[in-house]
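First the structure, in the form of structure tokens, and then the observations on it.
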Amino acid sequence: MDIFSQIRNSSQWVFYLFGLIALLAYPSFANNFFVFQIGALSLILGMIALSLTLLAGYGGMVSLSQMSIAGLAGYFLALFGESNAVQSLQLAPIIAVPAAIILATLVASFFGLLSVRTEGVYTIMITLAVGVATFYFVQQNYVIFNGFQGLSGILPPTVFGTNFKDPVPFYYVSLMCAVLAYVFVVSLIRSPFGVALQGIRDNPRRMKALGYNIFLHRIVTHSIAGALAATGGVLLAWFNGFVSPGIVGVDAMINILIIAVIGGLNHPIGGFVGAVIFILLQNFAIDLVGSDRFRLLVGCVFFLIVIFSPNGLIGVGSKILNWAKKRPKASEDKMGMEVIKVDDV
Amino acid sequence: MKIHKRKVSAIVYLIVLALFATFAAWAITDNKNLFVTVSMNGLTIAALYFLVAIGFTLIFGLLKNVNLTHGSLYLLGAYLGYTVADLSGSWLVGVAVGTFGVGIVGFLLQVLVFRHMQNQELQQALVTIAISVILADLMLWGWGSDIYQLDPPDWMYGAVAIPVIGKYSIYKLFILGFSISVGLGLWLLLNKTYLGVMIRAGVDDQQMLSAMGVNVHVVFALTFAIGAAIAGLSGVIGGSLMSITPGEDTRYLLASLVVVIVGGMGSIIGTALGAILIGLSEQYGLAYAPTYGVIFTFIIMAAVLIARPQGLLGRE
């Protein structure tokens, strides 16, 4: 490691430190609406988008079913834990939450199993089909999922007299989960597992020849991303207080893709950047285009980003930074390693 | 290894057939009328799904473009057909405008957008998602969230006597026949015309076709236009069978996706097979296990993906 990258790494640490302090201090200068509706929701959707970033940016598998996993985790939470549903088991949160996350992770692994033997655009097709089928299933099934109405009365627990439904405690719970998920993903992509995953993304045949079980590697990535999305899904169910088919609908599935792509798929922070932009647009689009045409606006933003900056806003940001520093266009990837392009044999 | 694989898949097909025969035997002894009606409805839906999916698989086959706007193009065709048929008083004019209107939209999409991002399959897929979000909202803006119903002309209205169940809707029989003729027409186009030769050559090797002096951009744009036009056409046909509402784009996008995943991308016969499997299973599911109907579709898709990821008749 040369001296320049050390300096850059140290400036990165300063950046992270200030970011964390700002996030921790945020509730002290923001009102409840900004803490809960904007802050907490951005962190939750950012986590679900982060799971997509891991799959798409580092595994080369653009999965549209991450929202389905998150939504199913919410459903499972309502079915295992305390809720208004008659078919609910009414277990204590300490059992219900892990059970919901584990079951949703198993579902994610199964979805992964279905899609990993195909590549590229097939993954989008299959995960979209699987996700839409999930939506129609929870909408049509009344015995377990209560059909169109969904399940309601999902409340976060009260621990040591702190009610986690209150905006500020809920924000801190979301922040804790989001930071843990972020740190986890950042260390995962630098671990041998993550490096091998990127190798599989770039050249599956070569990785296979090196002895990696690429299908298993991809399925495990689906499981890990599923666990992240499921955690976000539990928080989202607490945030809304209910789960309904709309939560796993096509619009919601595409929203997660839009968030991840707007932010940028080539860095774990992208999902969170995209989520903040998306939530701000959602809440304040009324002033721009009227609340009815929000999806038109978001569709256009997504369109422009995909066409002009495939790396999202992070890509735009780094382009501006590069231009400001008058540095030659660095051919480095996010890990600071030189990308060596070798043609496929 | 090959023979062994074939033996295994033959056994699997036999088991599936046996299971279906058992189910059919039970259903016929239980209620013959219901079973035949449901089967006929299943085939009608299959015909509609085939119509929608064939455009999707045609576009993918040549352009490698997973066109996720396909559901939106279906719905656009339905709305256009409804409005024009309503204004002109003629269903056939509605069909014509729905078909050509959406064909032109498809042509423009290919020329203005997708042409500029060739060989970037992922980016193309993302752009088609963006366009479908935009189209869905524009259509909601233009036509609102009302439910529309197109009426087929009088001579297709009513029922005709057929064996076992007595009466069956003429329009549903028309859809069956029409969809078979579109399938045949497309097969003839691909196999017996000069354009078809160029399209098939383009599927196999674009660069070579281009080097032979063929303007591939024109071939691409025409293919996209034909695929989109068939989507618009099926929108008008389907909108006359069922209602036209904002959520239908998703439903038919799912249908196209599942049909081509099961049948195999780029194959007309595979698409027909996939459509029949999905149409029948959906209708049997609705009739015999109402709240689990989707599960059957899902199980078929999952089984095919695990056993043959490229689809039943897809190329390896």
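Each Cβ is built from the backbone N, Cα and C atoms, and glycine gets one as well.
TrEMBL lists B:43-63 (among others) with the feature transmembrane segment. Remote same-chain partners of the transmembrane segment (B:43-63), defined as residues 6 or more beyond its termini with a Cβ less than 8 Å from a stretch Cβ, comprise 70, 73-74, 110, 114, 172, 175-176, 178-180, 182-183, 186, 199, 202-203, 219-220, 223-224, 226-231, 233-234, 237-238, 241, 252, 255-257, 259-260, 263, 265-268, 270-272, 274-276, 278-280, 282-283.
Annotated transmembrane segment per TrEMBL: B:68-85 (among others), in sequence order.
Here TrEMBL flags B:91-113 (among others) as transmembrane segment.
Annotation comment: TrEMBL describes B:125-144 (among others) as transmembrane segment. For the transmembrane segment (B:125-144), same-chain residues at least 6 beyond its ends with a Cβ under 8 Å from one of its own Cβ atoms are 65-69, 71-73, 75-76, 79, 83, 109, 113-114, 117, 246, 249, 253.
Per TrEMBL, transmembrane segment is recorded for B:170-190 (among others).
Summarising the annotation, TrEMBL assigns transmembrane segment to B:211-233 (among others).
Residues annotated as transmembrane segment in TrEMBL: B:253-278 (among others).
The annotation transmembrane segment is assigned in TrEMBL to B:285-307 (among others).
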> Going along the chain, which residues at least six beyond the ends of the transmembrane segment (B:170-190) come within the CB cut-off of under 8 Å?
Replying inline: 40-41, 43-44, 47-48, 50-51, 54, 58, 152, 155-160, 196, 199-200, 226, 230, 233, 237, 240-241, 268, 272
> In the same chain, which residue numbers or ranges, 6 or more beyond the ends of the transmembrane segment (B:211-233), come under 8 angstroms Cβ to Cβ?
Replying inline: 51-52, 54-56, 58-59, 62-63, 65, 67, 70, 73-74, 76-77, 80-81, 95, 98-107, 109-111, 114-115, 182, 186, 189, 195, 198-199, 201-202
>> At a C-beta cut-off of under 8 Å, are there same-chain residues at least 6 beyond the transmembrane segment (B:285-307) that contact it? List them, or none.
In response: 9, 12, 27, 34, 38, 258, 261-262, 277-278
